[in-house]
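Copied over from Swiss-Prot:
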- M183, L184, H208, F209, R265, G287, Q296: ATP binding site (BINDING)
- 60-165: domain 'THUMP' (DOMAIN)
Amino acid sequence: MQYSEIMVRYGELSTKGKNRMRFINQLKRNMKHVLSIYPEVSIRADRDRAHIYLNGANYVPVAESLKQIFGIQAFSPSYKVEKSVPALEKAVQAIMVELHHEGLTFKISSKRSDHQFELDSRELNQVLGSAVFAVLPDIKAQMNHPNVNLKVEIREEAAYLSYENIKGAGGLPVGTAGKGMLMLSGGIDSPVAGYLALKRGVNIEAVHFASPPYTSPGALKKAQDLTRKLTKFGGNIQFIEVPFTEIQEEIKAKAPEAYLMTLTRRFMMRIADRIREERSGLVIINGESLGQVASQTLESMQAINAVTTTPVIRPVVTMDKLEIIDIAEKIDTFAISIQPFEDCCTIFAPDRPKTNPKIKNVEQYEARLDIEGLVARAVAGINITEITPQEESQDEVDVLIEDLL
C-alpha cells in the first residue's frame, strides 16, 4: 500500500482566536512554497487541519520537508481506501500484518464525517478489530496506550487509514509576526539567529554586505546558500546584497584601526535600518552573542545600537558557541558556515579592536566621513534576489573553494 495524503495538525496557531484563519492561510502559503519542489503535491487547509495530497509523489522527502515548517504540531501519513467494509477489512489486515511483532498491542479508532456510512464508529471498530484477529489471532487489543492506534476516518469521498503521529517543528507560521531584516554574514551565528526568528513567525529578509574585490564570489554564494537552507522552514526569502566596498575603504583610510570594527558595524546598522524602512520591516535581527568577540561586548553593542531607534533582536545573545553550533548542525547550516571564504567583517578586522568604545570618540571619527552619502549610495546599489527551496550545487561550491587554494 502507498500513502495517498498527509494529515497536518496545527501548532500554537490553534490558540489564535479570531486570527486563526489568517494564521492557517499563511501556513498554507508557506507549505506551498516549501513543497513547490514536488510538483505533484497539492494542499487543502481547513480550520481544524490541513491535507497534503501526494498524488503519486514520494512520501519520504515530502515528510522530511514538512518536519521543518514552523506552525505544524504533528502530521500523519494516510492510506486512501475504498469506502466499503470489505475494502477496509482487507486494508486493516494488510497494515497490521506488516507492523506485527511479538507482544504488539493495537486499537482501532474510527471516526465518521459521512454519517450515511453503513456502520457507526463503534460498530466499525468491532468489525475491523475482528478482521485483525482473523489474521493475527494472538495479537492483543489494548484501549489505553497501545503500540499501534490505527485510525480510520470515513469521509464523503473515501476512507482514510493512519497510525503514525510524526512531530512537527512547532512554533508559528513564518510571516504571522511581521517582517524583520536579518543581518546575514557568512558565519555560524547569524543563520541560527534567522532560524530562531523564523520559528516565532518573523518573515525575514537577508541583508548581506559584500565588499568585492576583497570578498569573493564564493563568499556571496556561501551567504546565498545559507539563506537557501533557511527557506525550508517557511518558504522563499529575499536576499539583499549591499555593496560595502566604498564604506570599508573610507573607514580604513580615515579612522583609527582600533575603531574600525565599531564604525563598520554602525554603518551596517544604519544601512539595515534604511532598508528596513524602505521595505516595511519592523525589526532588525542579528547573530550577536554577548562577549563572543570584541564588537559584542555590552559597551560595543550600545555604541553600535546608538545609530537606530528600531528594535534589534538578538536571538543567540545569551548562548555560548557550542549551543549555537548545535543548532547550526541541526538546521544544516554549519558545514556551509565553515567554508573558507572571508566576509566583510573579517577582511579589515583590526588586531586589537576597541572593546569599550566611547560614543564621543566614535562620533568624532565619523565626522571625518560623509555618512549620509555613503549610506545612500550603498542602499541605492542593493541587489535583491529571491531565494527558493532548491538544492544548492555542491559542485559549484567545490570549484569556488579550489579557486582559493
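The backbone N, Cα and C atoms fix where each Cβ goes, and this holds for glycine too.
Feature map: Swiss-Prot annotations on the structure.
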{"residue": "M183", "record": "ATP binding site", "Cβ within 10 Å": "24"}
{"residue": "L184", "record": "ATP binding site", "Cβ within 10 Å": "28"}
{"residue": "H208", "record": "ATP binding site", "Cβ within 10 Å": "27"}
{"residue": "F209", "record": "ATP binding site", "Cβ within 10 Å": "26"}
{"residue": "R265", "record": "ATP binding site", "Cβ within 10 Å": "23"}
{"residue": "G287", "record": "ATP binding site", "Cβ within 10 Å": "25"}
{"residue": "Q296", "record": "ATP binding site", "Cβ within 10 Å": "20"}
Counts of helix, strand and coil residues, the domain 'THUMP' (60-165), according to DSSP: 37 helix, 31 strand, 38 coil
ATP site span - longest C-alpha distance across M183, L184, H208, F209, R265, G287, Q296, in Å: 19
Averaged pLDDT score, the domain 'THUMP' (60-165): 95
Coarse DSSP state, helix versus strand versus coil, of L184 (ATP binding site): coil
Local backbone state of R265 (ATP binding site), from DSSP in three classes: helix
